[in-house]
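Straight from TrEMBL, the features:
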type: DOMAIN; residues: 1-514; note: domain 'Myosin motor'
type: BINDING; residues: 2, 3, 4, 5, 6, 7, 8, 9; note: ATP binding site
type: REGION; residues: 448-470; note: region 'Actin-binding'
């Protein structure tokens, strides 16, 4: 755990290498486990203001052992930040893979995928990079291709995948204008070519049939929201496909009767506080609140309870308990997420009615502050500090639904990957249900609650990553930045409990033996 940019993903990679080294094996499986990282980072990481290679999803890696030999591994992913596909703030980028493609594809391949100059695409803000950066991206693209081969993607599947990504970019350039006769909107004349590129040239995002009339004009009632929904769903589907393939590759091939021991490594997005914080930051910061509570539970509550039970003379060490913040967010029926779900169920509810509800429900709560400014929002005082959230888009993102007319487009897709989108599409669980473990019937992802239950039943070891400075500079240690993290993480109290407590606990047998 640690802030965004503190080094969690890098530490995870080092930890994996270390464990593989301890296994003393050089088996193909161990190499494959190490080699899936470039793939996950290309599709799941992006540049943010706080970190040039920020994980925009959470991952839990389970390594399964039999007599000190790795027999298999499984990867679970949580809450991919799909909204990044369609929007990035100043100083941020889309997922790495889009830039790698522009740098790594040959001009013939670009032509095949209908890709033009990167500066033309709205979904990557029309920004690319210097020649030097492009060279680095070209190398990364090659790494991704090698990893796709190694994971077992067939050549046609790789073509389909890149066609989908190219189609997503073209789709982002489709704009709309009012339809005078009906009062609805239609695809603007200027962007008909982009629509055709996304639907036909790339042969992927949707089947051309429902989009085009015989005269060649668009006959689909798309809108900007529907356009962005298609892009997010298609990208999320590609990412899920990659994770499934990785799991097929790394699955253990042993007798089911054999009991395997397991080491799990959780690398989850770090605490974030940007100039503008949205629904995604609330999800990320809630996950970090839960991890901090888990840490407190193990390091302070269970530890001191054991001393008490043994009748040891012990002066209780107090710690900053973040339970009140979790109650504010997760309590039922009046926690923030329950209220968000309730509002999401009302068709006429708006982000403003949601904020009004919060302001009346949490009046006087020490961890909640209503916003008095002109931007619709609210402030939560988290364990790691005060974060101001902009409420615009909260209800829409929590519903996370695909418009019915758009869902119908996927079933005729000429890319097999996208067809299951329609067939298996159940209502998505809202954030509150995911967080509280109430899975929606058709939801295949793991909820964070399932993850937390798994962690509470295991024997945890905590790796606390500390960010040395806020400028992303190497070799610079800003003592104030470090001290702040040591304080809010509870590490100063942890040092006290380690110093005054009993950190080495041999069993009676070990003690007598010695």
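Cβ from N, Cα, C; glycine included.
A map of TrEMBL features onto the structure.
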residue	record	Cβ within 10 Å
2	ATP binding site	19
3	ATP binding site	24
4	ATP binding site	21
5	ATP binding site	22
6	ATP binding site	20
7	ATP binding site	17
8	ATP binding site	22
9	ATP binding site	24
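Restricting the average to the region 'Actin-binding' (448-470) gives a pLDDT of 88.
Residue counts for the region 'Actin-binding' (448-470) by DSSP state, with H, G and I taken as helix and E and B as strand, are 9 helix, 0 strand, 14 coil.
Sequence-ordered, the extra residues of this chain that approach the ATP site, with Cβ no more than 8 Å from the Cβ center of 2, 3, 4, 5, 6, 7, 8, 9, are 51, 270, 465, 467.
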